[in-house]
Amino acid sequence: MRVFLLCAYILLLMVSQLRAVSFPEDDEPLNTVDYHYSRQYPVFRGRPSGNESQHRLDFQLMLKIRDTLYIAGRDQVYTVNLNEMPKTEVIPNKKLTWRSRQQDRENCAMKGKHKDECHNFIKVFVPRNDEMVFVCGTNAFNPMCRYYRLSTLEYDGEEISGLARCPFDARQTNVALFADGKLYSATVADFLASDAVIYRSMGDGSALRTIKYDSKWIKEPHFLHAIEYGNYVYFFFREIAVEHNNLGKAVYSRVARICKNDMGGSQRVLEKHWTSFLKARLNCSVPGDSFFYFDVLQSITDIIQINGIPTVVGVFTTQLNSIPGSAVCAFSMDDIEKVFKGRFKEQKTPDSVWTAVPEDKVPKPRPGCCAKHGLAEAYKTSIDFPDETLSFIKSHPLMDSAVPPIADEPWFTKTRVRYRLTAISVDHSAGPYQNYTVIFVGSEAGMVLKVLAKTSPFSLNDSVLLEEIEAYNHAKCSAENEEDKKVISLQLDKDHHALYVAFSSCIIRIPLSRCERYGSCKKSCIASRDPYCGWLSQGSCGRVTPGMLAEGYEQDTEFGNTAHLGDCHEILPTSTTPDYKIFGGPTSDMEVSSSSVTTMASIPEITPKVIDTWRPKLTSSRKFVVQDDPNTSDFTDPLSGIPKGVRWEVQSGESNQMVHMNVLITCVFAAFVLGAFIAGVAVYCYRDMFVRKNRKIHKDAESAQSCTDSSGSFAKLNGLFDSPVKEYQQNIDSPKLYSNLLTSRKELPPNGDTKSMVMDHRGQPPELAALPTPESTPVLHQKTLQAMKSHSEKAHGHGASRKETPQFFPSSPPPHSPLSHGHIPSAIVLPNATHDYNTSFSNSNAHKAEKKLQNIDHPLTKSSSKRDHRRSVDSRNTLNDLLKHLNDPNSNPKAIMGDIQMAHQNLMLDPMGSMSEVPPKVPNREASLYSPPSTLPRNSPTKRVDVPTTPGVPMTSLERQRGYHKNSSQRHSISAMPKNLNSPNGVLLSRQPSMNRGGYMPTPTGAKVDYIQGTPVSVHLQPSLSRQSSYTSNGTLPRTGLKRTPSLKPDVPPKPSFVPQTPSVRPLNKYTY
């Protein structure tokens, strides 16, 4: 048997531990009273007088003395007779008016306070005896106190200073009470609220106080309540925890005590200060492996008897910067006394942690004891205490242990709402047997919660949230902000079955129960579990009082078991029912709420409720049975009200509509994963589309023919051709660029419109617009017919490749333009050895074909042909002489340069004035490389192209090196200048022109003046490297250092560094293809 009992006890402990570890869930209210129902309750707003119709109450405190409720506010104290039953308004029967003097208000304004603060807010209202009451007010930041008679509220005596008895500001908290004829007060004692003090004054003996500016005693406290118990006076407050400073700024709840017979210390230690001041922490927390604390005390009750034990009940909240949460904890006075008899806490150094003081280091008599009591019974007064005891209590006022709550857990918690609980009032003798404890808790959202408390640790049931009441009246209470909805205080009037709920601007009188709401439905009445309500013998639900035991009643407060009861089939009252009263009427005591069983058409959210849970909810199973119709019909419109004379069929059970938390988490996680997968696929497909597009463009660009195969070299001036150059197909032969400069008899249109001639018929991409164009290439001088034969043969050899690959035929510039610096071309094609014509490369057929082309495309005079032929012969002879000199190792370079200059002079063309045609203007760098489709017939044969007999123009030096392609039959001599002429580190690299080319301007020796971007720049000769191809098979020329004077650059205006890539329309000259 003993073994069985031991096992049962162990099992009970294990179950209790498991229950303690789990965090308590918020209870759903069994009944809800919304604003539509609570707005009928009487409201107190203060009595307007004269021009104070808009006067705010500015509630400060209320106190019940016998059958009178005293309400203190700004400048006034009201009295309300509790025996009167108010209907819509609570009317005070008396009023005490105490306003600040004009001088005090002016001084308050001079201190920088707002005029609304410069009033007399009543902060202390403490009865001294049955006839007199001690009243203190802020008096425009100059606190003063008076005595008044309780019966008449008449001023009696003189004003006394309210310093250390009343705060300066109405927003500062304070407490006060009389014990043994002495006033104990706790407040701030200065204008800046920096000197918090617990003070004793009046009566016999000297005034005592806490040590000034000592954070170990009190640090930024908010005093909430003071009670007298035994030989001590207890103060409940919250403050900044000094033992928690190393970990951050936190607020802890405290209880402090002092002896009523404390006389202060000796002249050496603690003179005129408390010698018995001790404080301890109030621990309101949820137990478990890691405690969850509710550290901030908001309100606490007087000492009440809970199961015969003196107890105080308080409401606690989480830290202000934490998640909102509230709890109700009860503390027995015995546990508080036990903590004060325990160990002390100390901090040896400012940086060390707080530890417990060993018992052997605690002096005798024990600090905190009262003289002539207990361990200090041998001492008559506290002045006789030894200095060691006084010094110890001065530096060790904090106890090591915290006061635990009853049952080591809160009675009630509320953590899943956005508001905190702020006020509390307890009825510890509720029910017909007065054995239940009902707690009323106010919140900062204007709600009042009615809780049936679990007061016994052996009870199998937890606390039950009976009702949730929306007490704040929006219509009658003037709310300037959300703070005005906060419940400041609760006052229980059990004799008149009422609760007074105080807000800053009004006070609402609420009955403790609403038994009439359940009507004649027994199941609803029993399921409410309200200790104030019971099923009466008359067949209705009504309020149960201790005097009704003999009459008989039925209730089940512990469990609310209604399984043996049937469903309610109540005939609801209608508007034609004699005892029905209009909703909101001033004489209605049976008005209907939104959660009541009796539904009203004016409250659309009403739904049938299951009796055992009694929560309002909209359901689709709601049915109404009409009296005249025996058949049941579904009421499909829940928001249209209820017809007259209906019978409500309450469902016997309620299906759980809640979704399990695991299912909800799984669905959320699955939705997240699915969404992430879909998003990833979409991003991948979107990116892949662009990657494929970029690859296609890249392949098209790679397949394009490189333009480095061109045999011509182009010069780049003034930042031209900045855009990247793309290559063309490799099979375009080298001399094509020299042989495609055809001319024709066709002239440009007068308007110069060439939009249709810009794009190639094969749709070449516009990226090639930055390549040199024929507009940027000077007109090559006409060759002899024999020279053209060699080109014809070469063109005939490459005919097949020309048919397979796209060709471009840039158009020639307009021929008739005046000669000036602005017309000097910015890019020229330099001659090389392949442009010299040898008889070994020609035959008669090619000569005839070339001659035919020349006769068709270039009608020239015979004199010009002979002159060109003679000039070609002279240039060939001069070149042969030059080669001989170069091959001669004993030749003098200076002599060679002189010969070159003489050759240039001999090869000069006719004077500028006699030219029939002038060189073209400088083209735009964005001109397209593609010839317009209209310039060349689609099926035209491949032709050797010659140039018109236009006199040459001065050549410019090269700034850009073009890549070129060599094959077995042709070699080109190309040189480039990698840096600009005006670059200080640049070395001019140039190529010696062919001697047989006519039309070059003579190159003077010495320094030249070059035009760069329209500005004359002095250019000095610099050494250059050149390479020339031999005209014969005698090998290549030796690479020698040759100097050449820089050519004149065009006098053109500067061009932007970044120009658009798209080719612009350029007019074509008369030489078309």
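We count from 1, first residue shown onward.
For all residues, glycine too, the Cβ spot is worked out from N, Cα and C.
According to Swiss-Prot, of the candidate residues S723, S812, the site noted as phosphoserine is S723. Note on N435, N838: Swiss-Prot annotates N-linked glycosylation site at N435; no matching annotation appears for the rest, which is not proof of its absence. Checking S459, S588, S744, S1047 against Swiss-Prot for the annotation phosphoserine singles out S744. When the candidates C329, C369 are compared with Swiss-Prot, only one is recorded as disulfide-bonded to C284, and it is C329. For the residues S776, S792, S957, Swiss-Prot attaches the annotation phosphoserine to S957, which does not rule out the feature elsewhere.
Note: the CA-CA distance between N435 (N-linked glycosylation site) and N283 (N-linked glycosylation site) rounds to 27 Å. Long-range Cβ contacts of the transmembrane segment (663-683) within its own chain (Cβ-Cβ under 8 Å, at least 6 residues beyond either end) are absent.
N461 (N-linked glycosylation site) sits 23 Å from N283 (N-linked glycosylation site), counting Cα to Cα.
Of all the Cβ atoms in the protein chains shown, 13 others lie within 10 Å of the Cβ of N435 (N-linked glycosylation site). Cβ crowding, taken as the number of other Cβ atoms within 10 Å, peaks at N283 among the glycosylation sites N283, N461.
Counting residues of the domain 'PSI' (514-569) by DSSP class, helix then strand then coil, yields 13 helix, 10 strand, 33 coil.
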